[in-house]
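S.K.: TrEMBL feature annotations, pasted as is:
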DOMAIN    91-246  domain 'Glycosyltransferase RgtA/B/C/D-like'
TRANSMEM  37-54  transmembrane segment
TRANSMEM  139-158  transmembrane segment
TRANSMEM  165-184  transmembrane segment
TRANSMEM  190-220  transmembrane segment
TRANSMEM  232-252  transmembrane segment
TRANSMEM  292-316  transmembrane segment
TRANSMEM  328-345  transmembrane segment
Amino acid sequence: MPSTGPKASAAATSAGARSDGAVVAGLTAAGGRGPTLLALALAALALLSLAPRLPHAELWQYDEWYSAERVHGILQGDWLTLRENGLPVFKKPPLQYWLSAGLVHLGLSDRLALRLPSLLAALGTLALTAHLARRLSPHPLAAPVALVLVLSSTLFWISASSAMLDAGAAFLLTAAIAALFAAWQTPRYWWLVALALGLGALQKAPVAALALPLAALMLATGGRPARCGKHALALIPALALLALWPLVTLALHGPDALRVAYLRETLLRFTPAPADWSRHLRWTTWAAKDGVLLWTTLVLAPLALAALSLARAPFVPALGQRRPQARATALLVLVFFAALTAARGEVFDRYLVQILPLAAAGTAALLCALPRNSGPLAAAILTIASGGPLKSPHDAGLTEAGIAPFRPLLAHFHARLTPAEQPVVCGWEKSDQIIFPAALWLLGSGNRPFRRIWSAAELPKALAIANLTPPLRGLCLDTEYAALSRALPLTVAERDAGWVHWTYP
């Protein structure tokens, strides 16, 4: 008669663990890095399917046009001052804008030059995701599972094909974390930590400057780093790169510029403040739209992996020295979502891309630790629920019309704008969400700042106190023009696509 008591259960569990371990060992012996390299090659080919669309697709996101405007300013010869509406702006550092300007100088079209850095960064992120998954799990399918999870996110595809900074920021943050994991055991990699940290600060906000100390705290639970010796000198270029853009900004524009760049845009944006919880938890809506089952797993699985590492769960195969790295991964995921929740300033769905590679690697490690090698099946369920790992150009936004319907209107406005006229645009009915401000300046202003007015009463008052001097040439939505024309005798020059092009007097 077969035994069904606790000893039999333990024996069955042990046998199952041995069976799983044997399968893993067999796969590893048979394939080595083969599954990882094959999955990485297929993932790269999938992402590169977007490349033919990059030179032709419209810029369709609000901030993509800011990238175009800043690169345009650099191409005019000023590489050290970024501009919006023709005026200096201090919201973002210049690394990707420099890269795009350099690509234009090499002969690439504007749209391809704006988007190519993001695509290359996304390809690098795929490689780093696979690397992190292999660091967190001995299972030969951990890296393929992690890659499938990343590619299942539509937000990743959108960032990979956009002119914005998020794909590059995600790549450099992931590179800094991967380099830190490596440097803890092999000191020469501290130079890569320094490089990724410094370049990340030149790409967007210096997120890695916060992430790396937190990760180091968790890594220290497994012991001190290997002897650094002369490699500790890597701190010098790291600090130099971190300080480079702030010092340039301070020298050229004074302390007020630094307050905008680092106090308002970074520190105050993520400083906790009481507000409507629906605002604080907007990221849950974005995650649900991208894939509710996918992101629920991406948030919870790394935390579960860390908990198992603390409990030294017997069915987590060969976690061993990977336990501190699992804890570091979980802490960074937790802190990231806590920061999004606490933020008092504007945050956006695309920010999720920054934590996606690390969360995917941690999730893959947990899934591949499941009994009976059920991890790949679980990953398949997650990716199917999110629409699969292959996204189309339409999914990535590359078929969006953007501001194409308004190009004729802006071209006519630009052609008729004389040197004596002040360009004006109405803004009280959120017209800036229809024709984006940077597109308005690039295509319509003739390199002169637009004056945006926020009510129909504002323009007569500005004229009365000589705050604005005619002649004026303006653009308003039909409804805005109806209100403004009751306050001033305007002349219609053109009506097109729901807009009115007018002059005064």
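Along the chain as shown, residues are numbered 1 onward.
Using the three backbone atoms N, Cα and C, a Cβ is placed for every residue, glycine included.
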S.K.: May I ask which of the stretches 37-54, 165-184, 232-252, 292-316 has the most CB pairs under 8 A with the transmembrane segment (139-158)?
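M.R.: Result: 37-54.
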S.K.: Can you work out which residues elsewhere in the same chain, 6+ from the ends of the transmembrane segment (37-54), have a Cβ less than 8 Å from its Cβ atoms?
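M.R.: Beyond its ends, the transmembrane segment (37-54) has Cβ neighbours at 111-112, 115-116, 119, 122-123, 126-127, 130, 143-144, 147-148, 150-151, 157, 160-161, 389-390, 393, 396, 398.
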S.K.: What parts of the chain pack near the transmembrane segment (292-316), using Cβ distances under 8 Å and only residues at least 6 beyond its ends?
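M.R.: For the transmembrane segment (292-316), the list is 13, 16-17, 20, 136, 149, 152-153, 322-323, 326-327, 329-331, 333-334, 337, 352, 356, 358-360, 362-363, 365-367, 369, 371, 381-383, 385-386.
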S.K.: Hey, which bits of the same chain come close to the transmembrane segment (328-345), Cβ under 8 Å, at least six residues off its ends?
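M.R.: Counting only partners 6 or more residues beyond its ends, the transmembrane segment (328-345) has Cβ contacts under 8 Å with 132, 136, 177, 181, 210-211, 214-219, 268-273, 275, 280-281, 283, 298-299, 302-303, 305-307, 351, 354-355, 358-359, 361-362.
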